[in-house]
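As recorded in TrEMBL:
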- 5-69: domain 'DUF1899' (DOMAIN)
- 78-112: repeat 'WD' (REPEAT)
- 128-170: repeat 'WD' (REPEAT)
- 176-217: repeat 'WD' (REPEAT)
Amino acid sequence: MSWHPQYRSSKFRHVYGKAASKDKCYDCVPITRNVHDNHFCAVNPHFIAVVTECAGGGAFLVIPIHQTGKLDPHYPKICGHKGNVLDIKWNPFNDFVIASCSEDATVKIWDIPKHLLTRNITSPKKELLGHVRRVGLIEWHPTANNILFSSGYDYKIMIWNLDTKEAVISNPVKILDVHKDVVLSMSFNTDGSLLATACRDRKIRLIDPRAGTVLQVASYKSHRVNKVLFLGNMKKLFSTGTSRWNNRQIALWDQNDLSVPLLEEDLDGSSGLLFPFYDSDTHMLYVVGKGDGNIRYYEISPEKPYLNYLMEYRSHLPQKGIGMMPKRGLEVSACEIFRFYKLIPTKSLIEPISMIVPRRSESYQEDIYPLTTGAQPALTAQEWLNGVNKGPLLVSLRPGSGAVNSLPQFPEPEPLLKTTDLSQHQDRGGKMPLEGMQKSSEIGDNRKQLKVEEKLPKNEKMHLSNGFDIFECPPPKTENELLQMFYRQQEEIRRLRELVNQRDVQIKQLELELRNLCMDTGGY
């Protein structure tokens with residue numbers, strides 16, 4: 001009896017991590033020595049921000065993303081806080097606005113100038129005063145503009161509406177007072193209608209942020225949670241923490257039932273925290289260890305075993321914090337699907353690490369770059385506060401496609417072949433030339449091919465090259481689905497045009513061969 005190994009088909013089985021060369025790193029950066037468990041780094045396509053050491057108060061650096069190499073020791077800082085900066089986050093819809101929180105119990109919003117910084121920035125655009133103890137976490141809402149969440153050591157989560165003219169805001173629009181200890185982690189679902197939190201009391205809570213109610217609580221005693229993460233639209237939560245025996249542990253939860261985890265797995269006996277990152281486009285999960293140089297990555301599937309281990313990036317240099325580039329800032333020509341920015345305080349170095357899918361072709365790889373979250377908000381702050389839910393607006397990463405602010409205006413479908421007056425194609429005898437006849441027959445062949453595909457059984461049904469099946473796809477129900485279908489159809493039209501052009505070339509070659517053959521036979 002032969003043994004057949006269980007191979008799993010995946011485009012991402014051979015993803016590997018590639019550290020940037022020394023000249024592409026950021027050197028001589030005074031990275032903070034604070035022991036707070038946060039990323040200490042925030043990245044967008046224009047800037048990299050990193051919390052730094054500063055005498056008398058807290059500060060962070062904002063460095064243009066292309067300004068690699070050694071940093072000037074007198075490089076200007078953003079230094080308006082009176083205590084250590086604990087967390088920084090870029091506004092997802094404005095690459096020149098960043099939020100920071102500090103031990104001084106304040107949250108500050110900063111405008112970063114588009115030109116190079118020449119002096120320290122000390123006055124923020126807005127200051128949020130509401131917490132009575134230090135603020136350890138901040139998160140921007142994923143789809144609504146100018147909505148910010150902050151969590152402090154007063155055990156409260158505050159929701160701020162920044163769509164106001166006041167420079168100092170002391171009244172949050174909502175206070176979530178449902179925790180009995182410090183909140184260690186916050187994560188939103190895709191449309192921002194739900195908030196998952198990990199608390200120092202070892203419980204995971206699923207919260208409706210607008211109602212302020214706790215929908216579910218996970219108090220599984222054998223998993224002491226540190227970080228929690230929503231896995232996109234998979235209806236699952238992922239958490240990292242420690243086991244009863246103080247091993248580092250990961251766990252996967254069903255969003256609708258947090259009583260028992262779907263899966264839990266011990267990783268190792270190290271003491272450092274595990275930071276999870278999820279890429280909803282590729283369904284890949286990255287687990288980054290604090291205090292070691294490893295990045296483990298998995299692929300998430302909706303069915304068992306749910307978590308499929310792929311590979312581990314190893315380095316001898318330990319990371320204190322980590323930053324993540326949004327998808328719109330990746331280098332698609334190099335098949336880069338994720339990029340980390342690793343903080344190495346022992347060398348005062350920030351090292352970019354690219355996760356790459358090995359491909360030979362240099363053309364745009366649409367199968368690994370589906371439509372992704374863009375830089376435009378789907379809702380205003382007031383719409384979200386009024387109860388409206390909306391998924392993120394999607395954009396294509398294809399070079400030159402540009403951002404999509406709203407649904408595109410659908411143009412009239414262009415014919416595959418430009419039709420002109422038939423009389424121009426007819427010769428004096430009233431017959432069409434061979435080339436025109438061949439083109440019309442090609443269109444007929446394509447129609448026949450579509451009919452054949454409809455008649456094929458399910459297990460043999462032909463699919464179009466970009467993975468879009470026009471016969472089984474249900475009609476779009478949401479704006480994003482409609483947008484996605486539009487782009488797929490545009491791509492299919494482009495592919496069919498290329499196919500027609502190739503057939504035209506083949507027809508001309510056959511005509512030449514036929515003409516040569518006629519001339520040879522006529523010579524005899």
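The backbone N, Cα and C atoms fix where each Cβ goes, glycine too.
Sorting the domain 'DUF1899' (5-69) by DSSP state (H, G, I as helix; E, B as strand; all else coil) yields 3 helix, 24 strand, 38 coil.
Helix, strand and coil residue tallies for the repeat 'WD' (128-170), in that order: 0 helix, 22 strand, 21 coil [DSSP]. The residues of the repeat 'WD' (176-217), classed with DSSP into helix (H, G, I), strand (E, B) and coil, number 0 helix, 22 strand, 20 coil. Per DSSP, the repeat 'WD' (78-112) is made up of 0 helix, 22 strand, 13 coil.
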